[in-house]
Structures are given as C-alpha cells and as structure tokens.
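Visitor: These came from TrEMBL, pasted as-is:
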BINDING   Cys39, Cys43, Cys70, Cys73  Zn(2+) binding site
ACT_SITE  Cys39  active site, nucleophile
DOMAIN    86-185  domain 'HTH araC/xylS-type'
ACT_SITE  Cys323  active site, nucleophile
Amino acid sequence: MKKTNDITADDSRWLAVETRDSRADGEFVFAVKTTGIFCRPSCTARHPLRKNVLFFADPHGAKEAGFRPCKRCQPDKLAPEQQRAERIIQACRIIESSPDPLTLEALAARVAMSPFHFHRLFKSVIGLTPNAWQKALRTQKLRDQLAQGESVTRAAYDAGYQSGSQFYHQADAALGMTARQYRQGGERVAIRFVVGACQLGEFLVAQSERGICAILLGNTAEALIAELETLFPKAKLISDDDGFAGRVAQVVSFLERPSGHFDLPLDIQGTAFQQQVWQALRAIPPGETVSYQKIAERIGKPGAVRAVAGACAANRLAVVIPCHRVVRNDGTLSGYRWGVERKQQLLNIEAGQRKE
Ligand SMILES: [Zn+2]
C-alpha cells in the first residue's frame, strides 16, 4: 500500500497521534524517519517531531517502506481489545458447531478465560449473553427445520432441545407460538393492531400474545395494514381500537420522544444475526448516529456490512429498535424503511431533545 499524501487526512491523523487516541488504532500507523520505527496512534512512547513522521494505512505498508514495528505498542499485532474480540468470535464458532448447548464454564474454558470475564466480554462484543445467543441460534435452527417440514420432535431434537417437555416450554417461548402452530404456518396466532396519527405521520402498533411485535410508520392507514399483512402473512390480524389503548399511548409518546423511557414487552422475532444487530442498535443513544460499518465491527463481524444493512431494513419496530440512527460512513443518510424524510425528522427531533 502507498504512503497517503492527503493533507487534511494527515492532519487529523497527527491530531490522533498527539492525543494518543486509541480509537484510531487499526485505522493507520505512523513511522518516524529518524528512528526507522513505526507505531500505532495510541503508542505511549515520546512523540517525534511532526516533520519526521510518515503515515501508512496499515503495518504492511510501513514494513514495505523499510520501517520496523515499535516494541512497546506492537503496531503489527492486533490491539488487545481486538485480540479479546477474536476469542469471543471463536466462542461463537464453537457454539455454532456444537450439537448440544454448552455451559458458560465449558465455553469459557475453551477460549481460556474465566467464566466471569468471558460472560462480561461476550455481552459487550456480541450484545447478548452467551446463553441468549445460544437460545437465539437454536430457535433459528428450529425455525429452519420446521419450515423444511421436519417433524416437531425431530426438529426439536436436532436444534439441541433435550427432553420433550423442556422443548415445548422453551420452543414456545422462543417462537412466540407453539411449535405445531409454527409448523402450520402460524395460522392461529392472533395479532391485534391499532392505526392512528402522530407527529411522524400515520402509525400502526401491533401486538401478539408476547408483546409489541410491530411499530410501523407511513402515510396512509391502508398502506400500513398492507405492510402488516406482508410481515405476518399467516397470522389472524384483528383491528382492535381499545384492546390495548394504554400500550399504544405509550408507544406513541415514545415515537414523539425517543429519548424517553420504553419498557413495554417486545415480541422480537428474527434470526440470531438480526437479533444481534438489533441489540447493537438499541445501544446507540438517542441523538447519536453510527455507520453500518461500525455496527458490523461492534458485533464482531466487520465484513458483514451489507448483512447489517439488511438486518436494519428488516426491522419491524420503528424507533424502539432505532435503525434510523444508522447512517453511511460519511454521515449522510441512507435508506429508511419508512422514508428518508422521516429518518431525518426523527434525527432532528432527537438532536433537539438532546439540547434540552
Ligand atoms: Zn510505539
């Protein structure tokens, strides 16, 4: 890779070096002409003079130009957090390939960490606890197999549910309906919904027996109901204006004030990957935006940017799962399931509430 010559980019790189900004680690390295050594931006060694510094996009480029890695900051190795994240990703692979559920202790031992540290780190990298992640994966496996027409007990067994009765309890909770209903296409599942108007336009709030399962935004009630039908093709949709009016009021007040508190039960259904992305989205504070790339990095899958965008687009819970806080790398707005203008409007509302 070539040395980069962009003046403004180099100025901001130099600023990162001067402030030892560890967020810049991995973004570039800097080399010192007088010593022949290159460092990561956060290196704690004494700073060289600006005029003796060259920037490289990665350690490989610096090495090619004849520089040696600093022994103190080891710029050619992964940063310590990245090394830890690698271990968590390794743990995910172990879970994915294990036919049986694994205990926290067993998993921690496989990646040579204490159960306590492993649990904490897993949660911070993946956004779900190891247990929740295993459950999400099993549910996904179960869904896939039931969809392929496997018998209920066979599918349960293959998905790692051990005994029959345990399965029926856990699978019901995971699928939001009984496994038999799921196999039959979820025909008997009832979803109640309310349509109304709020500051953001028309809204639709729907709930299953488990909790709020859809919050949609749009321009007409007809379009919203059509969207709900597409999302839950087999469910029995029931228009219900006063069945859960209290909950609907809470949702609407949250739509208009996304920095407020939201604690209604949610019925979040998606693949393990989607759930992981949605969890990461819920961790973005109101008034802030994050790029698709950053979300991919936060869930430990830096190469999965397009899949992250796909998961954002598949979100059914507007604002509560704040996919509107995800933007392009350069900060400009990308698409939004419920319209780019509405996305902008939401970000404006949040920016305003932040200043209050
Ligand atoms: Zn160094």
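The backbone N, Cα and C atoms fix where each Cβ goes, glycine too.
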Visitor: So which of the recorded positions Cys39, Cys73, Cys323 sit close to ligand 1, that is, with a CB under 6 Å from an atom of it?
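Guide: Among the recorded positions listed, those whose Cβ sits under 6 Å from ligand 1 are Cys39, Cys73.
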Visitor: Using DSSP, would you call Cys70 (Zn(2+) binding site) helix, strand or coil?
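Guide: Note: Cys70 (Zn(2+) binding site) is coil by DSSP, not helix or strand.
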Visitor: Given the Zn(2+) site residues Cys39, Cys43, Cys70, Cys73, which other residues of that chain have a Cβ within 8 Å of the mean position of their Cβ atoms, reported in sequence order?
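Guide: Going along the sequence, the neighbours appear as Ile37, Phe38, Arg40, Ser42, Thr44, Ala45, Pro69, Arg72, Gln74, Pro75.
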Visitor: Expressed to the nearest Å, what is the distance separating Cys73 (Zn(2+) binding site) and Cys323 (active site, nucleophile) at their Cα atoms?
Guide: 36
Visitor: For Cys39 (Zn(2+) binding site), just give me the three-state DSSP call.
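Guide: For Cys39 (Zn(2+) binding site) - judged by DSSP and reduced to three states - the answer is strand.
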Visitor: Including all protein chains displayed, how many Cβ atoms other than that of Cys43 (Zn(2+) binding site) lie within 10 Å of its Cβ?
Guide: 21
Visitor: Rounded to the nearest angstrom, how far is the Cα of Cys323 (active site, nucleophile) from the Cα of Cys43 (Zn(2+) binding site)?
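Guide: Cα-Cα distance, Cys43 (Zn(2+) binding site) to Cys323 (active site, nucleophile): 35 Å.
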Visitor: Minimum Cβ neighbour count within 10 Å among the recorded positions Cys39, Cys73, Cys323: which residue?
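Guide: Lowest Cβ count within 10 Å among the recorded positions (Cys39, Cys73, Cys323) is Cys73.
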Visitor: From the Cα of Cys323 (active site, nucleophile) across to the Cα of Cys39 (Zn(2+) binding site), what is the distance in angstrom?
Guide: 36
Visitor: Can you give the mean pLDDT for the domain 'HTH araC/xylS-type' (86-185), rounded to a whole number?
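Guide: Averaged over the domain 'HTH araC/xylS-type' (86-185), per-residue pLDDT gives 73.
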Visitor: Output, ordered by sequence, the same-chain residues six or more apart from Cys70 (Zn(2+) binding site) with a CB under 8 Å from its CB, or 'none'.
Guide: Ile37, Phe38, Cys39, Arg40, Cys43, Ala45
